[in-house]
Amino acid sequence: MPTNFTVVPVEDVKASGSGEATAEGSSKPISLGKIFRENDDDVDTLQGPDSGDESQKESTPFFDSDNDTKNYYDDKNMALYEEEMDSTPMVSSLLNKLSNYTNLFPGVCEHEETEDGCRRVTVPQMGTFIGVFLPCLQNILGVILFLRLTWIVGTAGILGSFAIVFMCCVCTLLTAISMSAIATNGVVPAGGAYYMISRSLGPEFGGAVGLCFYLGTTFAGSLYILGTIEILLIYIVPTATVFKGHDGDAMPNNMRIYGTCCLALMALVVFVGVKYVNKLALVFLSCVILSIMATYAGVIRTIIEPPEFNVCLLGNRSLKNENFEVCAKKEVIKNTTITTELWNHFCNSKHLNATCDDYFTLNELTEIQAIPGLLSGVIKDNLWGEYAPAGMTIEKKNQSSVPTQEPTTDRDDIYLFNDINTYFTLLVGIYFPSVTGIMAGSNRSGDLRDAKRSIPIGTILAILTTSFIYISCVVLFGACIEGVVLRDKFGYSVKKNPVIGILAWPSPWVIVIGSFFSCSGAGLQSLTGAPRLLQAIARDGIVPFLRVFGHGKANGEPTWALLLTVGICEIGILIASLDAVAPILSMFFLMCYLFVNLACAIQTLLRTPNWRPRFRFYHWTLSFLGMSLCLSLMFICSWYYALVAIVIAGCIYKYIEYRGAVKEWGDGIRGLSLNAARYALIRLEESPLHTKNWRPQILVMCKLDSDLAVKHPRLLSFTTQLKAGKGLTIVSTVLEGTFMTREDEAKTAEQNLKAAMVAERTKGFSHAVVSSNLRDGFSILIQSAGLGGMKHNTVLMAWPVTWRQAQNSTATRNFIETVRETTAANQALLVAKNIDSFPGNQQRLEGGTIDVWWIVHDGGLLMLLPFLLSQHKVWRKCKMRVFTVAQLNDNSIQMKKDLQMFIYHLRLDAKVEVVEMHDSDISAFTYEKTLRMEQRTEMLKQMQLSRTEREREVRTLDKSFWKKKCEEKPLKFDEEMAQLIHDRNTASHSTSDREAGASPERVHMTWTKEKLLNEKNRQRESIGQVKDMFNMKPNQSNVRRMHTAVKLNEVVVKKSRDSQLVLLNMPGPPKNMKGDANYMEFLEALMEGLDRVLLVRGGGREVITIYS
């Protein structure tokens, strides 16, 4: 009687989103050709009416799974790429998105447009001159030029001032070259320097330097406001001071009051609307240009007719001439000799016979021209500097004077003094803010018609132009103005006029008004730019505590950032000294410029494929020189300010590294790390590792539960305690199946591994492997994990607790094969029993011992592990004990002495004990335990054999069935064959479906008479084998092994029952694979009754040495 088969086609579970069963009428075999029909109705019929699941994409890739007719591709020319449209869009679509690019934040629009909503962003139309050159010019030229440059020239001399200006200008020029290369290597959105540095050096450097740049911009606002108030109170309205007097605190207090009021007014203007600041920008720039032109006009005028400004000197000391008109002791009016106002300052009465100051009596008053002119030759006297301490009078060189004791009169009203100690490095710090502002063009890159062309040309031209202005001013000031006037910081010796003002033409008021509006405008621009920079940093999310400053008004104005900026700016105003704020400002800008140069140098040296700047005139040596110059200027300006700035940047860097958001911006530091890692890996392979440098590089085998979460997180805790962040750690797991079907699960598993590592503070790498079976996956990891010289040398895994309860011997076989493979690969193996009872990282073991049972020597790993654990705070208070076993023929006393000496030479602090194990008769318990072990092994073998025979029978029937089908219906064979192959593949690649029993039986057998007789005979044989199994005697070799395990376990339990951890030599698996199941029983017997056990198997090399 022939065997009858019925092949039942089963719908693919993934092909249908509904859980309903298919109708009986739909169970016909389906031809593969139907899938490729162009008729959509046929496709709908194939899928069924309820097929709307997302997984439909994979099984039905030729139509949209969301049933959205608008997304169907009518054009069949691109049908080959139809599956990839979601992840890789068409080029036309990509270009369309790029053409609509804008660098504005979403929802940002001008304040006046809030009522009508945001308008469409038009194409930027600013060119090089308007968009880059003029903004840079306006930001570079400012307060220092009008209020301090003459004083710097007078103090440092023409040569010293030229050196200061040259160094600072070269620094900014080199930085501009590096910045141009970075800015032309792609689009630079809002954020300017912060964006360039963060995207080139990574979020840590970007956040640190971005915040430093923000602080620099904020303190620049303080500097400009202080300059504005200084001009207001000294030159424009000197009578408006609140605190009167000439003491040292009056003027700073006035600066604080007026500066705070000015800051509040400017903040209100910025809050009301940035459009007013932008509209006044041209006015402020015009003031700067007119003031500079007036200065050059005044220099030319000195050739024709020098200005009529004179300076009064007493001996060689310069006097304030704001309180007197005549530079003489006496004057004759209508033939009558009377005393002057100067007489009243130095004498006790107006009479000619009054008692006067000795210096006033012995020295004569002389009046010299404040501006001798360009052709006067005064340039020779001003070539060299004249530094002086604070409180010293300003004196003219080469002027005769009779020295006396200090005058007894009130000298503050009449003499001119140095208000601060002057030295070269101080002047560098005060001058450097005058060359900042080179980032103004890059900050506007989104508003430029051609940013790649405009930023380099405009910025470099602006730097060259301002450098020419500064250098020419240094030379012209030294060639036209008298030295004592140049050193007069506030112009008290020339009727309280700014020194540069008396040189300008037609009037000093041109400089006073121009510099006042210039400083005011620069302060407004700082208060406008700094909050937006902070907002850009906050919106990037790299600094968690700054996220609140990313919010603002509905129109995008950074309100909260503005409030913080005003608060920090107020700190600079409370300092109340332009000379004290300038070095602080210099530090932050120099650090920013340093990292711009560093970013360009790194990108150039790494030659990353994305580094393709349009600006070609750069080189890494120029960037390195600029970086070195910036670092040198930082310490030249003020070494303690430099250290503070570096510490602030370092703290921000570490904070972002540990607490900040993870960002991947393709930065150069990552490329540098890759190059350094490649170099180090190559070096590691050049020579073998020495025993002194050996440390466990651990591959952790983790098991996941049904939710793909780590089943034993304490395995990671133990790794952390053993490694303490040193060396290599790879946390891995294996998923059974194929990568194509379990790709998402593999990614989820790897993310869960990373999360568990973070929770357990394990530093290392995670790796999830998908393999057809667990055995192959473990083998792949043992062979290929790691790279080059950074490969693991130790495998850590948990003891398979449920190996006895498993339905098949797969778990046992996987474990034993892993042991064999680690041995073959010369890798150490650590197996932790009861890993869930091991202490966590937050626990502290108060005492106890770590017991080492040293049975055989396999490299010394047993000795090294307790030492490594004792370095961690969890195990720090545990003492180490070393036990070894002495046989009948061993001298236990000598063994203990030798072991103590060995431990001493290893520099380990441990207590040594030798345990004697004499030969004894095998107990009945050991005999019975071995017998039960062999009976269980035999029973499992019979069960496995029966299952194997059934599977072989099914395969035989399959072959006969398909042979007959080919002969009877060859035309229908291809369809049914394809369907069955599809079902089998689905079942073999989907482990979860097999376990859940989702796939019904494909084959139904009809029994024949012969088949029934064969099955009955096989059952009789099985019964006979079971009877023989209960009458069997145990193998003598197994009895001996069990005897050793039981006796050794008795000793270990007796000595180490209460210890915190027991380390045991792990015996190797049997060479004959038939004894694998017995091997697991031996290990169980060895560890029975112990709580925390770590089985240790060496890797075949010495890992600890007594030599230094």
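Here the Cβ of each residue, glycine as well, is placed from N, Cα and C on the backbone.
Nobody curates TrEMBL annotations by hand; they come from automatic prediction.
TrEMBL lists 1-69 (among others) with the feature region 'Disordered'.
If you look up TrEMBL, you'll see 15-27 marked as compositional bias 'Low complexity'.
What TrEMBL records for 129-152 (among others) is transmembrane segment. Away from its own ends, the transmembrane segment (129-152) comes close to residues 161, 164, 223-224, 227, 230-231, 281, 284-285, 288, 291-292, 427, 430-431, 433-438, 440-441, 444, 447-449, 454-455, 457-459, 461-463, 465-466, 469-470, 473-474, 477, 481, 485-489, 498-500, 511, 514-515, 518-519, 521-522, 525, 578-579, 582 of its chain (Cβ-Cβ under 8 Å, at least six residues beyond either end).
Marked as domain 'Amino acid permease/ SLC12A' by TrEMBL: 131-304 (among others).
The transmembrane segment annotation in TrEMBL covers 158-184 (among others). Within its own chain, the transmembrane segment (158-184) has Cβ neighbours under 8 Å at 152, 193, 196, 200, 379, 382-385, 424, 427-428, 431-432, 434-436, 438-439, 442, 445, 451-452, 455-456, 459-460, 463-464, 466-467, 470-471, 474-475, 478-479, 590, 593, 596-597, 599-601, 603-604, 613-615, 617-618, 622-623, 625-626, 629-630, 633, counting only residues six or more beyond its boundaries.
The feature transmembrane segment is assigned by TrEMBL to 205-237 (among others).
Annotation comment: TrEMBL describes 257-274 (among others) as transmembrane segment.
Only residues 6 or more beyond the boundaries of the transmembrane segment (281-304), in the same chain, are considered here, and those with a CB under 8 A from a CB of the stretch are 134, 137-138, 141-142, 145-146, 371-375, 469, 473, 476, 480, 500, 503-506, 510-511, 513-515, 517-518, 520-522, 525. If you look up TrEMBL, you'll see 281-304 (among others) marked as transmembrane segment.
Sequence annotations record features per position, and here TrEMBL assigns transmembrane segment to 423-442 (among others).
According to TrEMBL, the feature domain 'Amino acid permease/ SLC12A' maps to 426-699 (among others).
Residues or ranges marked as transmembrane segment by TrEMBL: 454-479 (among others). For the transmembrane segment (454-479), same-chain residues at least 6 beyond its ends with a Cβ under 8 Å from one of its own Cβ atoms are 126-129, 131-133, 136-137, 140-141, 145, 149-150, 153, 157-158, 161-162, 165-166, 169, 172-173, 176-177, 179-180, 183-184, 292, 295-296, 299, 374, 378-379, 382-383, 434-435, 438, 441-442, 445, 448, 486, 500, 503, 615, 617.
Annotation source TrEMBL lists transmembrane segment at 499-524 (among others).
A Cβ distance under 8 Å defines the sequence-distant neighbours of the transmembrane segment (560-578), meaning residues of its chain 6+ beyond its ends; these are 143, 147-148, 215, 218-219, 221-223, 225-227, 230, 252-253, 255-256, 259-260, 263-264, 267, 270-271, 526-527, 530-532, 534-535, 538, 548-552, 584. Marked as transmembrane segment by TrEMBL: 560-578 (among others).
Residues 171-172, 174-175, 177-179, 181-182, 185, 193, 196-197, 200-201, 205, 209, 212-213, 215-216, 219-220, 223, 428-429, 432-433, 436, 572, 618-620, 623-624, 626-627, 630-631, 633-634, 637-638, 641-642, 644-646, 649, 668-669, 671-672, 675 of the same chain, all 6+ positions outside the transmembrane segment (584-606), place their C-beta atoms under 8 angstroms from a C-beta of that stretch. Summarising the annotation, TrEMBL assigns transmembrane segment to 584-606 (among others).
Below 8 angstroms of C-beta separation, residues 167-168, 170-171, 174-175, 177-178, 180-181, 425-426, 428-429, 432, 583-584, 586-587, 590-591, 593-594, 597-598, 600-601, 604-605 of the same chain, each at least six residues beyond the ends of the transmembrane segment (618-642), sit close to that stretch. Residues or ranges marked as transmembrane segment in TrEMBL: 618-642 (among others).
Residues or ranges marked as domain 'SLC12A transporter C-terminal' by TrEMBL: 831-950 (among others).
205-237 is the stretch from 205-237, 257-274, 499-524 with the greatest number of Cβ pairs below 8 Å to the transmembrane segment (423-442).
For the domain 'Amino acid permease/ SLC12A' (426-699), the predicted model reports an average pLDDT of 86.
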